[in-house]
Structures are given as C-alpha cells and as structure tokens.
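Here the structure comes first, spelled out in structure tokens, and everything after it is commentary.
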Amino acid sequence: MAYKLILAAFAATALAAPVEERQSCSNGVWAQCGGQNWSGTPCCTSGNKCVKLNDFYSQCQPGSAEPSSTAAGPSSTTATKTTATGGSSTTAGGSVTSAPPAASDNPYAGVDLWANNYYRSEVMNLAVPKLSGAKATAAAKVADVPSFQWMDTYDHISLMEDTLADIRKANKAGGKYAGQFVVYDLPNRDCAAAASNGEYSLDKDGANKYKAYIAKIKGILQNYSDTKVILVIEPDSLANLVTNLNVDKCAKAESAYKELTVYAIKELNLPNVSMYLDAGHGGWLGWPANIGPAAKLYAQIYKDAGKPSRVRGLVTNVSNYNGWKLSTKPDYTESNPNYDEQRYINAFAPLLAQEGWSNVKFIVDQGRSGKQPTGQKAQGDWCNAKGTGFGLRPSTNTGDALADAFVWVKPGGESDGTSDTSAARYDYHCGLDDALKPAPEAGTWFQAYFEQLLDNANPSFL
C-alpha cells in the first residue's frame with residue numbers, strides 16, 4: 001500500500017518564520033501557537049485565539065480571546081522513549097463473554113489476538129528456510145506475533161473465512177481469540193500513488209462491485225457472530241482526500257470514497273465487530289495545515305454514517321514507520337509538531353470532538369517502528385524505507401487513555417511496492433535512495449526487507 005504524501009508548501013508555511021511582535025503575528029487559523037518543544041511565538045492573527053489542546057499542541061482557532069501564556073507557551077517537559085519489556089505477542093489476558101462488548105469498551109481488552117496462518121506460512125516457508133542458527137530461530141518467533149490479514153481483493157475474502165474457522169475451533173477448545181482484518185478494495189484505490197492500485201475502477205462499475213465485496217464480508221461476519229472481529233477500514237483513502245485532491249485520480253474518486261466508506265461502516269456495523277477508520281499518520285495529517293481539515297472530514301464521515309456504534313475510532317501509522325513516543329525529534333520530520341504518533345493522536349482527538357466525534361479511540365501500528373530514527377530522508381518516504389525494524393508487540397499497555405492498543409497492521413516482510421521502473425504499478429517513492437532495492441510488487445514477500453526488520457527489531461527477537 002502507499003502513502004503519497006504531498007505535504008503542500010502551505011503546511012510548511014504555516015510553521016515558518018514566526019515574528020516577534022504580537023501585532024504582526026503570522027499564526028493564522030488552525031496553525032500551531034504553542035506546546036511542548038514549540039519554538040515559535042505564542043500568538044494568533046486577529047480574530048483567532050490560541051487554545052491549548054494538550055501538552056504537546058496549542059492551536060489558533062476562530063475567536064477573539066487573547067491567548068493565555070500558560071496555554072500557549074512551550075513546555076519544558078521532555079518526552080521519554082517508550083521501551084517494551086518482554087516479547088509478548090498477545091494482548092493482556094482476560095475472558096471473553098458471550099455478549100458483544102458495549103461500544104464504549106476497548107475491543108482489545110480481555111482477548112488474545114490470533115496469529116493467522118497466512119502470515120505464519122510466509123514467515124515459516126519463505127523467510128526461515130533462507131536463514132540459519134539464531135537468526136532462523138528469531139525469525140520463527142515473528143510468526144507468532146498477531147498481525148492483521150488483508151482483504152485486498154474479492155478473492156482474498158476467503159482467507160478471512162478460513163481464519164475465522166480456525167479461531168472458532170480454538171475458542172471452542174477454551175481459547176479467547178479475536179481476529180484482525182483489513183478492508184481494502186475501494187474502486188480507484190491508492191489514488192495518489194501507483195504501487196497498490198486495486199482491482200476495481202469507478203468507470204467499470206467499481207462502486208457496485210465494491211458493494212458486493214462488502215456484502216460478502218458481511219455475510220461471513222454474520223456466520224461467525226460468536227467470534228470477535230476487529231476491522232481496519234480502507235488505508236489511505238480518506239487521508240488522500242485531505243491532502244491530495246490536486247491529484248486528478250483522487251479528485252475523481254472523492255465522492256465515491258466518501259459514499260462507499262459510509263456504506264461499508266454502516267453495513268459492517270455488527271455486534272461482534274469493532275471498526276477503526278484509517279487516519280494516515282502524524283507525518284501526513286499531523287501537520288497544522290492538515291489536521292483541522294482532517295478532523296472535519298473524519299467527523300463528517302462518522303456522522304453521515306449515523307455514528308455507527310461499532311466504529312470505535314481511528315487507526316494510525318498503518319504500514320508506516322513513526323515511533324509512538326520519541327525523546328528526540330528526527331531531522332526528517334522537519335517542523336512538524338506531531339512527529340510521533342502519541343503527539344498526533346493527542347492533537348487530533350480534541351479537534352474530532354469539536355467536529356462532533358467525541359470519545360474517539362485509536363489503535364497504532366508499530367509493526368515496523370522499532371528503530372528510531374529510521375533511514376528515511378523525509379517522513380513521507382513510505383516505500384520499503386531503509387533502517388527500519390520490527391517494533392512494539394501488540395498490547396493494550398499503551399500508557400495513554402486515547403490508545404486502545406499497539407498493533408501490527410502491516411505484515412512485516414511484505415513489500416510496499418516494486419522498484420522495477422518498467423512495472424505498471426511502479427511508484428517513484430520505491431526508487432528513492434532511502435528505499436531498499438530491488439523490491440518486488442506490493443504485497444509480495446521481500447526477504448531482504450524482512451531480514452532488515454529482524455536485525456533492527458526493538459524489542460529484539462534474538
């Protein structure tokens with residue numbers, strides 16, 4: 001999958017060249033005006049006020065009140081880097097009741113996560129045989145880490161059915177497992193890039209084909225109503241509508257993306273299901289020029305769908321590399337204040353609440369975020385980035401009330417996109433200096449990348 005991050009010049013402009021005098025303050029509406037490590041001036045242009053959203057982020061919002069020096073000023077507190085203890089591959093234990101959880105409940109609490117056989121077979125049959133000794137032993141441990149299973153084509157829906165059958169069998173034997181899956185087949189998919197273009201096109205009845213795809217998923221979920229399922233909904237799609245409508249393919253897909261996302265979450269609003277809409281990552285939508293419009297869009301989708309009770313919140317950092325809580329700001333994040341995922345979700349949640357989506361919760365992909373900083377030259381370099389490692393294991397022990405769990409959405413070792421410039425799905429990001437090459441097509445096994453993740457894993461598998 002791909003994140004074509006066109007972080008437009010206005011994003012940088014919103015943070016650039018702060019002036020000293022209040023009367024000439026350049027921090028306009030939705031710009032940052034304070035927070036931890038903020039080096040600019042704590043002021044806003046006329047007609048706006050500086051509002052503290054959290055310790056990390058204060059923002060200029062419409063209003064005439066004068067900014068508070070305590071709300072807007074930079075904090076002297078320094079965040080510490082989170083390190084995990086042990087190598088547990090499941091969430092905290094507990095019992096699963098026969099009744100579905102309330103919408104306010106964390107779906108990750110009280111269950112174990114299922115390590116699906118598809119990823120296990122990739123690791124055991126493709127990765128391990130090419131390794132030896134301690135490294136082969138370490139690689140085999142990766143197969144035990146629960147990751148999401150991607151339904152990136154209609155035909156791959158059957159893999160979910162197979163996995164749910166395995167889970168039901170294990171649960172009848174006394175287990176308490178939940179399955180994790182990604183819904184990822186919108187028509188005109190991956191509109192701002194090429195690496196993960198999908199099977200449906202809007203000009204070839206793609207909308208109706210997508211509805212049939214959703215109907216197939218719904219039927220299976222209803223057949224397994226006794227099994228808890230967690231869904232990630234359409235990586236990249238809505239985020240592209242925030243930043244990439246200047247791309248013709250995205251502009252043409254805008255209304256369909258919105259309508260079909262609403263359709264999907266309404267149809268899949270089942271008692272045994274919990275859903276998280278994909279919301280990019282801090283290096284994409286976390287920029288001050290993007291985070292306000294993003295909150296409006298996501299809240300509107302949620303409201304247009306009738307505020308489905310099984311939509312728990314948002315997932316961030318899918319297939320990306322951002323750390324959760326960093327003590328040092330990586331150079332490649334430039335002036336972005338929300339350069340790690342904890343800062344991002346804590347800046348995002350209050351804005352969503354203002355737009356009508358309150359009590360939103362998050363899950364955060366940390367599957368490839370173990371090495372910080374990475375080898376990226378820009379935070380938007382999404383394709384097979386060098387210098388990355390397996391990260392924090394799936395867990396509900398996040399230390400933040402907004403974060404339900406750390407998860408592995410992207411199966412580590414599957415390629416982000418091909419580096420073959422002659423390929424139909426070649427994207428230039430996969431040919432950048434900071435992308436590992438040669439790389440196969442998106443979704444296919446990339447042994448060299450798996451070994452990089454294993455070598456740099458934090459916590460280590462060795």
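Along the chain as shown, the residues are counted starting at 1.
Each Cβ is built from the backbone N, Cα and C atoms, and glycine gets one as well.
The recorded disulfide partner of Cys33, taken from Swiss-Prot and restricted to Cys25, Cys50, is Cys50. Cys191 is paired in Swiss-Prot with Cys250, the candidate among Cys60, Cys250 named as its disulfide partner. Out of Cys60, Cys430, the record in Swiss-Prot bonds Cys383 through a disulfide to Cys430.
Distance from the CA of Cys383 (disulfide bond) to the CA of Asp416 (active site, nucleophile) is 5 Å.
Between the alpha carbons (Cα) of Asn317 (N-linked glycosylation site) and Asp190 (active site) lies a span of roughly 16 Å. With respect to Cys33 (disulfide bond), the closest of these recorded positions in Cα terms is Cys44, chosen from Cys44, Asp236, Cys250, Cys383. According to its DSSP assignment, Asn317 (N-linked glycosylation site) is coil. Predicted-model confidence for the region 'Linker' (66-99) is 32, expressed as mean pLDDT.
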